[in-house]
Amino acid sequence: MKSVSTLGSHCSLQLLKGAKDEGFRTLLVCERRRERFYRRFGFIDELVLVDGFGELLGDECQSVLAENDSILIPHGTLVAQMSPDQIESIGVPVFGNKWILRWESDRSLKERLMREARLRMPRSIDSPGDIDTLVIVKRQGAAGGKGYFMANSEEEYESKRLSLIESGVISTDEDLYIQEYVPGVLAYLQFFYSPLKADIEFFGADQRHESDIEGLARIPAPVQMGSSGIPSFNVIGNSPLVLRESLLEGAYRMGEDFVEASSRLVAPGMNGPFCIEGVYGDDGRFTSFEFSARIVAGTNIYMNGSPYYGLLFDEPISMGRRIAREIKSAIAEERLDETVT
């Protein structure tokens, strides 16, 4: 029997609990400073201790994973801490499509894929001098909202950028992405595409809680006006969101279009979990500003199954367990090569 492995962060507990529930041996690549915490959980069979996650690429760590016949599950920490070249160089099988993680990290590739999928998107702003409306400025890759800021003009953009550089949050040469800010109800739509069944599943939706931008809503406007600080969008946690049933058909359609576009642009396509992120406007239409081409941390709120998976399965299934079940089925059907890269 193969083993399942991942990095000790993000959603690793959900992933390895799901793998253990499906009968797999589990390995966690764990930073030494967090060893005591992860040893609390009996479903983790082995800790592969490292000083930093960059050691995942080293011969020693790769050998341990290979000796355990392991399949590595990528998540946001992998995308945040490693370059696309590094991810693509991983020697053990990676669940899903490791090549599409480059498209998640690169803003121009990300926009190209979203346009190909016919997703409704906010306007991107080419340069600070073109800012003519409220914008949100983002970093490349999976930064978890850290270093994001809003601006109404080039002057405000430059002032806030300089402040973040001086505080060490962003670097001087960091390539920032400027996007029109679209108001609405934030929704992070979670999907799973099974290449074995050639079918898409809507897993659920969540909202993210960000500090300290959320706390500002509890401060009276006159006090806010007197503040010179830059609010942060650092993600602290997630909460569940159940969509109106009339919106579900559109959510499925977006997921299907995204999978089809992915198969055309970055073979073998969008296999496994992914998330389309955006806002619902007052007309009920969804505007997408991001996608994540792997499991997202928002699935952690459904560790005992989501409301929508309750409609598809007769037992509680987390996204971590759904991934493990796909691997298990692929092994049984001798189709593992269709689920890993």
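Including glycine, each Cβ sits where the backbone N, Cα and C put it.
The annotation ATP binding site is assigned in Swiss-Prot to 132-188, GLU210. Summarising the annotation, Swiss-Prot assigns Mg(2+) binding site to GLU277, GLU290 and lists sequence analysis as the type of evidence. Here Swiss-Prot flags 106-317 as domain 'ATP-grasp'.
Feature map: annotations from Swiss-Prot on the structure.
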{"residue": "ASP132", "record": "ATP binding site", "CB count, 10 Å": "12"}
{"residue": "GLN140", "record": "ATP binding site", "CB count, 10 Å": "14"}
{"residue": "TYR148", "record": "ATP binding site", "CB count, 10 Å": "23"}
{"residue": "GLU156", "record": "ATP binding site", "CB count, 10 Å": "17"}
{"residue": "LEU164", "record": "ATP binding site", "CB count, 10 Å": "22"}
{"residue": "THR172", "record": "ATP binding site", "CB count, 10 Å": "8"}
{"residue": "GLU180", "record": "ATP binding site", "CB count, 10 Å": "17"}
{"residue": "TYR188", "record": "ATP binding site", "CB count, 10 Å": "21"}
{"residue": "GLU277", "record": "Mg(2+) binding site", "CB count, 10 Å": "18"}
{"residue": "GLU290", "record": "Mg(2+) binding site", "CB count, 10 Å": "17"}
Rounded distance in angstrom between the Cα atoms of THR172 (ATP binding site) and GLU290 (Mg(2+) binding site): 24
Average pLDDT across the domain 'ATP-grasp' (106-317), rounded to a whole number: 92
Rounded to the nearest Å - Cα separation of GLU290 (Mg(2+) binding site) and GLN140 (ATP binding site): 11
